[in-house]
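A.B. asks: Below you will find the structure I want to go over with you.
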Amino acid sequence: MVLQENNSSEKTIWHITIARVRYLFVKFSTLPSISALLVAHKFVNIAVVSILMDYFDDSMEEEHQRIAAIVTNIQDGLSSLFVIIVSLISEAYTGYYPVITFCTAALIEGLMLLWTSASSTKPSTFHAIYGAIFFLALGTSGQKLLEKFFEYQLEEKIKARDGSEAVRSGSTENKKEQDFMNKMLIKTWLIGPIFVGSLVISQFASNNITYEDWFRFAALLMCGAYMLFLAGSVWYSREELPIESNLHKIYRIFKAALGKRHAKYPTSLSRYYWKDSKQDRSCEHHEGVSLHPRGPGLFRWLDKAAILEAEDSKVSPELLEKNEKLCTVKEVSDVKSLVPMFYLGFAFFGYSLLLATESTFFVAQASNMRSNIIPHISFLVMIMELTSDTSRVICFHTGRRFRHLKKFNCIDNVCKKKAAIVRIGFGMVCAIICSLMAWQVEVGRLKVSTQMLYEDGRNSTVALVPQFSVLGLTKGLVEDGIESLFHEHVAKSMWSFDGVYMEYVIGGGKIMIIPLVLCIPNWFGDTLNTSRLDKFYLMLGILNAAFLLLLWYYSFMFAYIEVRPEDDPVVVEDENVDFLRKGKKCVLLGGRDLENEEEGVGEGDGVDWSRWLEGDAAYYSGDDV
């Protein structure tokens, strides 16, 4: 009977999924317009951005691999910076659509400048590349927002169908299963553009294709997809903007905490401004009671933004909050949940350095090897992206299978965080393997080029396939694990920072590789054969191994043991008010008489707030506080 019920449940779920797919195709007329722009972005990312290192090196009159690497990493670093900026702007002021429109227009301009520089033989046109770098960095920063916008459109349409056809009726377990199937359906739609983009590349690429052909086709493809995206704008669902942005909330908390930086930690929970939250976010501290999450001591002083001081007794807490001199405990706890994750971000420096190497020296390796089976460098990047997205889907489906095992029935809470950390750990191990593979390939390449074992002194790009495949697996495991860990550890109100956090993690290596190239000329020469990239790759492997240990340390210190703050405060009458009892009468501070429904004692009602804040219960006669 149990087996039959499970089979029936599985069939029902798959029928629902098939019905939703059919519904999206028939009813969701915006799918082609957004998907087309995503396909164009994937094509540009694989076919244009990934080969910029090779193009910069070939465009110079003499080989200057170091300069080409620096210019490429400047473009990558600018792109990460612009991702952070446009994410904050869209979250606070504009929403997704206006920013995506602006970034796509900038991307088209950058592609046109690249096309101009590649089609002209005049050396002066090479300066157009510097303008292209800026516009490409700004344009590619909109891809993350476009993916979020596409996901939001899918979620809205699925919600509309669920509400209209009442498919969400049933037990709580069925609702959880349906939510999981919705997420799986959305993730499946999101990986579709990479496969379509890869198909376009495989049909377009060949050995004799020129940079001008690449850039011209990319510019025309992006223009066509952009027009289609604008044409479908009338059917898009627009997201609601928050009343206050998270960035301004962080500013308020820092401002209030700095204003009370000399205040002492209270010895009682009642000295904090709880408002509508439960008094369950405290932890003991040697100086007094501090708030959860515990986090590193460097930012523990943020708790002071929620402290009720004696000098504040003449003004109501609501007015202090309005004047940005006081914050609620929930706001402080939500912001503090970000702090351990930013500390954890230092553990991914080796991984970010490996990603920066992929867009520079991995490409330089491929351009100096024979392209017999693999016709173009973009095919290696395509293999990496396909491996990355496939690993994400496999991890997602594996999580679904574990949900049905009793041994892993805690997968909805603590075990999710554990699984995310383990996933990141496996990804870091893959980063070590990838670095060692690159080391061995470079040692072999230098040996071949020195001994001239082949007619042209080069070996095949096929040797790079395992290296790029493992790097794709690394990206899928690490970045998907970071996203899961961020959502499990950080308060839900702060989830809009997930894209910002990801760029913070991977952007460090893009910037720090520039001083490495400048300071170690023996490793990074003007040509590949005069460089010692084998030593650099070996150093990357050792560095990733060291940062893997740092990851485990930070995970157990901060991320692993901490519990995410509650996002929906539970209002309980006797826990959300501070009251004093005098005989049988309960006087609510600033509120009402709970028993006699009379107006209580508030601001200006004769209560000595300073003595109450100091815990002087003897001030009130009658029963104890």
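Our numbering is plain: 1 for the first residue shown, then up by one each step along the chain.
Quick reminder: no glycine exception, Cβ is built from N, Cα and C everywhere.
Grabbed the feature section from TrEMBL, which reads as follows:
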type     : residues : note
TRANSMEM : 34-55    : transmembrane segment
TRANSMEM : 67-89    : transmembrane segment
TRANSMEM : 95-115   : transmembrane segment
TRANSMEM : 184-205  : transmembrane segment
TRANSMEM : 217-236  : transmembrane segment
TRANSMEM : 338-357  : transmembrane segment
TRANSMEM : 377-399  : transmembrane segment
TRANSMEM : 420-439  : transmembrane segment
TRANSMEM : 504-524  : transmembrane segment
TRANSMEM : 536-554  : transmembrane segment
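I would like each feature placed in context: is it buried or exposed, what are its neighbours, and how far apart are things?
C.D. replies: For the transmembrane segment (34-55), same-chain residues at least 6 beyond its ends with a Cβ under 8 Å from one of its own Cβ atoms are 68-69, 71-72, 75, 100, 104, 107, 111, 114, 118, 136, 140, 142-143, 146-147, 149-150, 153, 192-194, 196-198, 200-201, 204-205, 211, 214-215, 218, 221-222, 224-226, 228-229, 232, 359-361, 363-364, 366-367, 377-378, 381-382, 385.
Tertiary neighbourhood of the transmembrane segment (67-89): same-chain residues 49, 52-53, 56-57, 60, 99, 103, 129, 133-134, 136-138, 140-142, 144-145, 245, 247, 356, 359-361, 364, 496, 499-500, 503-504, 506-507, 510-511, 513-514, 517-518, 524, selected by CB-CB distance under 8 Å and a gap of 6+ residues from either end.
Within the chain, the transmembrane segment (95-115) has long-range Cβ neighbours (under 8 A, six or more residues past its boundaries) at 37, 41, 44, 48, 55, 82, 86, 89, 128-129, 131-142, 145-146, 148-149, 152, 211-212, 215-216, 218-219, 222-223, 226, 229-230, 233, 236, 238-239, 241.
Tertiary neighbourhood of the transmembrane segment (338-357): same-chain residues 73, 76, 293, 295-296, 299, 302, 427-428, 431, 434-435, 438, 471, 474-475, 478, 482, 485-486, 489-490, 494, 497, 501, 504-510, 512-513, 536-537, 540, 543-544, 546-548, 550-551, 554-555, 558-559, 562, selected by CB-CB distance under 8 Å and a gap of 6+ residues from either end.
Sequence-distant neighbours of the transmembrane segment (377-399) (same chain, 6+ residues past either end, Cβ-Cβ under 8 Å): 42, 45-47, 50-51, 54, 183-184, 187-188, 191, 194-195, 198, 201-202, 205, 358, 362-363, 366-367, 371, 411, 419, 423, 461, 464-465, 468-469, 471-473, 475-477, 479-480.
Away from its own ends, the transmembrane segment (536-554) comes close to residues 340, 343-344, 346-351, 353-354, 357, 361, 421, 424-425, 428-429, 431-432, 435-436, 438-439, 442, 520, 523-524 of its chain (Cβ-Cβ under 8 Å, at least six residues beyond either end).
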A.B. asks: Residues sitting near the transmembrane segment (504-524): Cβ under 8 Å, six or more positions beyond its termini, same chain?
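C.D. replies: Answer is 65-66, 69-70, 73-74, 76-77, 80-81, 84, 342, 345, 348-357, 360, 479, 482, 531-533, 535-536.
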